[in-house]
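As annotated by TrEMBL, domain 'CDCP1 first CUB' applies to 3-70. The domain 'CDCP1 second and fifth CUB' annotation in TrEMBL covers 79-182, 411-493. Annotation comment: TrEMBL describes 188-291, 514-627 as domain 'CDCP1 third and sixth CUB'. Feature annotation from TrEMBL assigns domain 'CDCP1 fourth CUB' to 314-403. Marked as transmembrane segment by TrEMBL: 637-660. The feature region 'Disordered' is assigned by TrEMBL to 734-812. The compositional bias 'Basic and acidic residues' feature in TrEMBL is assigned to 748-757, 803-812. According to TrEMBL, the compositional bias 'Polar residues' annotation covers 771-789.
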Amino acid sequence: ASFTISLHKVDNTTVTIKLRPSVSTNCRIRTKNGIKSELKIKPGENVTFAFTCSTPEKYFITEIQKNIDCVSGPCPFGDVHLYPPGLPRLNRTYIWDVKASTKAGLELKFSTPWLRQIEPGETCPDSISYNINSCIDKATVNIGTFCRNGSVSRVKLLGGVVMSLHLPWHSPLTTSGFNIANRASIKRLCIIESILKGESSITLMSPNYPLGFPEDELMTWQFVIPSNMRASVFFHNYSLSNCERKEERVEYYIPGSPSNPEVFKLSDSQPANIAGSFNMSLQGCDQDAQNPGILRLLFQVVVQHPQVDENVTYLVDLSKEKNMTVTIHLEGWPSHVPPMSEPICLICKDPRTCDRVLTLASGAAYRISFLCKDLSRLRITAEKGIGCMDIRWCQRKIYSLSVPKAITKLPIRLHKFIWKLLATDLINVEITSPSLKLQQHVPEQRCNTSYSYSIVSATPETELNLGVFCPGGSIEKIQMRNNITISLKTFGKGFFNESIPQDLKMSFVPHIKDECTFTVSPNPRAKVYLQTPNWPYGLPPYVSISWFVAVPSKQTARLGFSKDRMGIACETGRAYVNIKEETPGAEEIVRREDELLPQPRNMHHDFWVNVSNCKPVDKTQLALQFWVTFADKQIDLGIILAVVAGAGVLTAIGLTVCCVKKKKKKTQNPMVGVYNANVNTQMPGKKGFFGKGRQNNESHVYAVIDDAVVYGHLLKESNGSVAPEVDVYRPFDGPIGSLPPSPPPFSFRKDIKRSSNTEEEPPPLMDTDQDTYTFAHQKLGQSKDNGNANEKDKGDTSVPLLENKERDGLVE
């Protein structure tokens with residue numbers, strides 16, 4: 001196919017057909033003068049041409065430039081047409097270069113559906129875009145790039161204009177969509193008019209965005225809004241230049257305002273809930289020549305109907321609170337920010353100070369209102385700090401970790417309340433729940449309440465996540481080292497009904513040995529599951545955790561582990577599980593990482609469970625879970641028979657002694673009796689068995705000398721001791737206290753050395769076997785290494801922004 005283009009000289013239009021940038025092809029343009037890769041048709045020329053390929057739209061583009069002189073001649077007001085006709089179906093760019101004096105600005109008026117400004121790099125859905133540039137003397141300012149279907153109805157510019165329209169080769173558009181309306185002086189860079197008819201949201205940018213607003217310039221946006229609607233302005237992205245003189249600012253002209261213009265900094269919260277139309281202007285400054293900086297602004301205007309409850313206020317009294325902030329925000333904030341096009345919820349501190357996120361600080365009272373159709377989309381996140389730098393001032397003080405009523409009374413769901421508990425290295429935190437107690441959320445025992453607590457301890461080297469806890473369990477007290485963060489998180493709407501019985505208390509206590517200690521007081525009929533912190537990832541290296549489990553006096557506890565082994569291998573140190581009952585003479589059950597964990601066993605007294613980690617050889621860490629159940633104590637028939645038999649034996653001994661005494665009275669030469677004060681004949685564990693004190697009865701008097709007593713001196717030849725053949729731990733013989741068991745010192749954390757002829761290790765001991773290792777604790781007050789790596793360780797604003805509307809030419 002061939003094409004003929006005829007250009008009238010009076011139209012001052014040039015057509016250029018050329019290859020796309022960076023395209024290599026054998027397709028060419030054939031004219032009577034030969035084959036070319038580019039064709040330029042000037043005003044007054046008539047050219048016929050054809051392409052050497054069937055799909056020239058893939059390789060060629062067309063630029064049509066029309067020069068319009070509004071300085072030396074009359075300006076062609078009215079619609080701007082797409083000229084010339086009959087162009088080949090190629091991607092086209094129409095460029096209108098309009099020359100005008102800076103004393104007579106040009107106004108471009110767009111036909112519906114008007115224009116929508118887009119950010120640099122963004123594309124239009126239909127690939128049709130407009131680009132507007134203002135030309136002042138030799139300087140060019142990019143006003144912006146626009147798509148169709150928007151709210152920008154007019155743009156008025158100072159000086160000349162370069163207007164571009166980009167059309168794809170398949171576009172059916174036959175009109176330019178704008179006209180040159182008139183000329184009038186505006187005394188500012190430009191005025192952009194935006195008409196919003198209903199509930200909507202628009203985004204606009206300052207000229208030259210994001211490269212920077214021209215120095216010491218002024219521009220205005222004029223927003224036409226129905227009087228029954230409300231508009232709010234939000235700045236989403238801005239930066240400031242380095243000013244030598246004047247000040248960068250935003251000024252508003254709001255009809256009915258007592259202080260027009262209203263001046264704001266770019267960093268201020270911008271006006272909201274504005275009734276009807278208003279103007280907004282951006283004023284630059286004289287910039288530093290050496291370091292000018294960049295002034296730019298991207299903002300959003302939201303228009304919505306007045307809310308029915310916009311005059312309803314809620315009192316948030318934080319005057320008696322300390323170190324607390326309350327943030328009201330949209331659900332999903334800050335990780336999820338809804339698109340600007342969506343209807344928004346606004347939170348207002350006063351009728352004109354509103355935002356999508358509002359933060360209130362403690363020490364003051366606020367009256368807030370909501371411009372929001374659906375309050376269920378809003379959430380509250382609060383944070384409170386509690387600190388202790390000297391234990392003498394805060395040791396006996398108990399803090400209630402409950403949500404203040406000022407928050408629970410709001411018609412908004414509480415998302416999270418965070419307590420940050422700060423203390424020095426030698427001060428620890430104790431958390432208690434005296435009446436409700438806490439339940440640890442584990443797979444076998446999930447929380448089903450409307451809220452839960454997440455507790456995290458921040459140690460100097462790592463973060464220890466204790467887990468998730470909810471009310472209604474068995475954990476009565478938790479003691480932790482270092483700074484603690486407790487986060488209350490709600491689920492559903494039921495929290496307001498359950499918030500009254502919150503029972504979490506906190507106090508500061510002196511330094512504790514382990515990283516964390518739990519005090520567990522289970523319900524006698526409950527089965528309690530407990531697991532190590534940082535589940536399921538495991539304990540950090542060299543961390544020690546303890547649980548103290550209270551056993552009711554008429555109950556027997558059964559303790560079991562959820563797996564057979566710890567499942568780790570140590571690179572440095574040893575990992576231990578220690579179990580010990582809180583009773584005199586109780587042995588301590590110790591298992592290392594290379595041994596089987598104890599089988600389920602009965603515990604008749606309060607007991608401790610301690611888990612201490614080593615430094616594992618790989619990324620696998622120590623993660624353990626155990627359970628505790630209770631049953632009523634049963635009377636053992638064997639014990640009854642033993643008591644009866646014992647009574648019988650004592651009776652027989654008594655009768656024998658009586659007979660011997662009577663016989664001895666008849667003897668003229670009685671045998672010699674020996675008093676041995678070192679013999680204790682009292683039955684162990686049965687205090688008060690005898691009716692009289694030991695000094696008042698004759699249980700310690702021997703009537704007959706036993707052979708073992710007569711020849712007992714022979715036993716002294718061995719010095720009363722026998723050297724053991726292997727290195728074993730000594731049984732615990734010290735006093736019983738409230739401290740948890742702990743692993744042996746590092747000197748004992750090595751494998752027991754055995755000779756090369758040692759036989760294979762015996763099979764693991766069963767529940768009925770004697771414990772593998774027992775050892776003696778040092779007495780209270782002595783230091784002991786429990787395997788921790790390190791415990792210490794403006795211009796003139798008196799002039800209104802907008803001149804007389806007739807002079808600006810914005811009112812028809």
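The backbone N, Cα and C atoms fix where each Cβ goes, glycine too.
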**DSSP-derived helix, strand and coil totals, residue by residue, for the domain 'CDCP1 second and fifth CUB' (79-182)** = 0 helix, 62 strand, 42 coil
**Per Cβ pairs under 8 Å, the stretch of 3-70, 79-182, 314-403 packing most closely against the domain 'CDCP1 second and fifth CUB' (411-493)** = 314-403
**Fill in**
Counted with DSSP (H/G/I as helix, E/B as strand, rest coil), the domain 'CDCP1 third and sixth CUB' (188-291) has 0 helix, 52 strand, 52 coil
**Prompt:** Counting each residue once, how many in the domain 'CDCP1 second and fifth CUB' (411-493) are helix, strand and coil under DSSP?
**Reply:** 0 helix, 53 strand, 30 coil
**Stretch-averaged pLDDT - the domain 'CDCP1 second and fifth CUB' (411-493)** = 87
